[in-house]
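So that you can see what the record holds, here are the features copied from TrEMBL:
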type    : residues                                   : note
BINDING : 73, 114, 115, 116, 146, 147, 174, 248, 322 : thiamine diphosphate binding site
BINDING : 145, 174                                   : Mg(2+) binding site
REGION  : 247-267                                    : region 'Disordered'
DOMAIN  : 271-435                                    : domain 'Transketolase-like pyrimidine-binding'
Ligand SMILES: Cc1ncc(C[n+]2csc(CCOP(=O)(O)OP(=O)(O)O)c2C)c(N)n1
Ligand SMILES: CC(=O)[C@@H](O)[C@H](O)COP(=O)(O)O
Ligand SMILES: [Mg+2]
């Protein structure tokens with residue numbers, strides 16, 4: 001029986017003698033390495049948070065005290081210490097443990113959103129409420145150095161600094177996001193870590209108490225500092241210095257790669273959309289010296305490494321700061337360049353105002369490349385890229401494209417960076433990019449992929465849905481239901497040629513890897529209604545809800561967005577209207 005076997009909750013962690021803590025930490029590391037290497041997930045961040053999380057649970061009393069994990073990818077140790085070790089076999093799998101805190105799993109879990117830089121704002125709000133309710137519960141925010149590069153974090157610190165709220169800010173400083181933390185803050189934290197804080201202390205200058213730097217892998221140091229912080233009764237930063245991947249040499253030596261380890265079964269193989277983008281943007285960089293790229297602390301994951309290697313002066317990592325990235329891109333465009341902002345689709349939501357009023361209002365040539373669009377998979381509801389294709393079409397002058405295959409990604413990316421009078425955006429999923437799908441002919445901006453002599457309907461295959469739509473069309477032909485298939489390529493604004501093509505069919509179904517609200521199908525239906533066309537238009541997309549984690553294929557299949565589901569839906573809807 002190991003110490004870990006006996007941990008059913010934080011009470012068991014607090015009951016351990018200090019002498020047992022290094023043994024427990026070692027057991028937890030071995031457990032994480034085994035579990036995460038098999039299932040995939042955030043190995044490096046969690047190996048770095050072992051002692052820190054043990055200390056937090058020994059000094060504070062969750063769930064009476066409120067523990068707020070920023071981003072939440074480093075909460076595996078928290079899950080182990082709150083009685084969920086036995087469920088780790090199911091980590092990030094459909095129906096199993098989430099890779100982030102989940103209130104449905106435990107009363108110890110609070111923030112479910114995996115978007116960084118939010119924990120201090122939650123802490124500010126929770127602390128204000130507890131104060132008004134006369135509660136003595138304490139509030140603890142565990143925040144990474146990378147998350148501190150997000151603007152929200154400083155909006156919250158600005159507020160917290162003017163209060164006497166007992167908020168303990170555990171700064172988990174390993175000096176990195178994926179890559180080393182950038183900017184003046186990265187340098188300042190480095191100076192504080194080394195004790196060379198000649199320019200003073202940013203946190204103290206704001207009016208916050210500061211304790212540190214503390215060895216984030218020394219249980220006694222950590223408990224002493226957290227106990228002192230808890231007794232202060234005012235907002236305090238406990239600056240813990242940790243190492244990402246601690247205790248596992250491969251993760252310590254290649255910290256970026258082990259930030260998010262792929263499962264032992266490996267990825268689904270094959271060239272990904274990100275690979276295709278990465279090669280093409282580097283080629284474009286050769287042809288267009290005005291093209292520059294921006295990343296929000298995710299140069300590698302968004303495929304910009306090749307461009308950065310070739311053009312180091314033309315790629316800008318702004319930290320986890322998507323809002324700043326977009327408006328800085330607006331500045332770059334105002335000064336005559338063509339910026340490409342590469343972010344995951346889910347994170348562009350954070351910068352909608354900047355896209356709308358800092359870029360589009362000025363009709364600036366900024367191109368947004370939205371990776372991980374649509375159903376993302378194991379990262380769960382706040383990582384699915386399900387809202388960009390609904391919100392971006394309301395931006396006046398913005399053109400949105402969805403490539404169906406590698407050739408179209410290259411083609412549409414070049415079309416996008418050739419636009420000089422407004423913003424453009426491309427979106428593609430976290431998946432193998434598959435083979436090229438040739439067009440029969442082009443109408444307007446659309447590619448006709450299949451054309452029947454006497455079709456009963458039209459499938460509008462948006463982006464990566466093309467393959468499943470063509471397979472469905474083949475199945476439908478076997479049922480004596482011939483349908484045409486068209487790929488719009490540019491999904492917003494609506495192509496008049498697409499509207500005209502749809503008006504020529506009795507039945508049209510738009511198949512989309514995005515939430516149904518605001519999708520292309522709805523906008524097409526409105527346009528056809530204005531024309532008075534008799535066409536029946538349907539949208540076949542994801543529900544307007546938060547989808548749990550699982551594999552991309554499982555989730556798409558569950559919502560009928562595979563060939564079989566599309567076939568069934570077409571037959572069902574044709575029958576309803578017969
Ligand atoms: C708004 C937002 N942008 C990007 C990401 C992707 N992301 C996940 S973890 C991470 C790095 C976080 O660094 P840090 O806060 O220092 O935590 P660490 O992994 O070092 O423990 C990033 C950029 C995110 N989760 N949220
Ligand atoms: C927590 C976070 O936002 C990232 O680490 C994300 O989990 C990475 O996902 P990918 O594996 O799709 O790059
Ligand atoms: Mg970090």
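The backbone N, Cα and C atoms fix where each Cβ goes, glycine too.
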Determine the most Cβ-crowded residue among the binding-site residues 174, 322, using a 10 Å radius around each Cβ and all protein chains in the structure.
322
Quick test of your reading of the structure: among the binding-site residues 73, 115, 145, 322, whose CB sits under 6 A from ligand 3?
145
Filtered binding-site residues, from 115, 145, 146, 174, 322, whose Cβ is under 6 Å from an atom of ligand 2:
none
Give me the Cα-Cα distance between residue 73 (thiamine diphosphate binding site) and residue 145 (Mg(2+) binding site), rounded to a whole Å.
14
Within 10 Å of each Cβ, count the other Cβ atoms and name the one among the binding-site residues 73, 115, 146 with the highest count.
146
Binding-site residues near residue 145 (Mg(2+) binding site), in sequence order, restricted to 115, 174, 322 and a 10 Å Cα cut-off:
174
Other C-beta atoms that fall within 10 angstroms of the C-beta of residue 145 (Mg(2+) binding site):
24
If you average per-residue pLDDT over the domain 'Transketolase-like pyrimidine-binding' (271-435), what number do you get?
98
If you measure every Cα to Cα pair among 73, 114, 115, 116, 146, 147, 174, 248, 322, the residues listed for thiamine diphosphate, what is the largest value in Å?
32
Collapsed DSSP category at residue 145 (Mg(2+) binding site):
coil
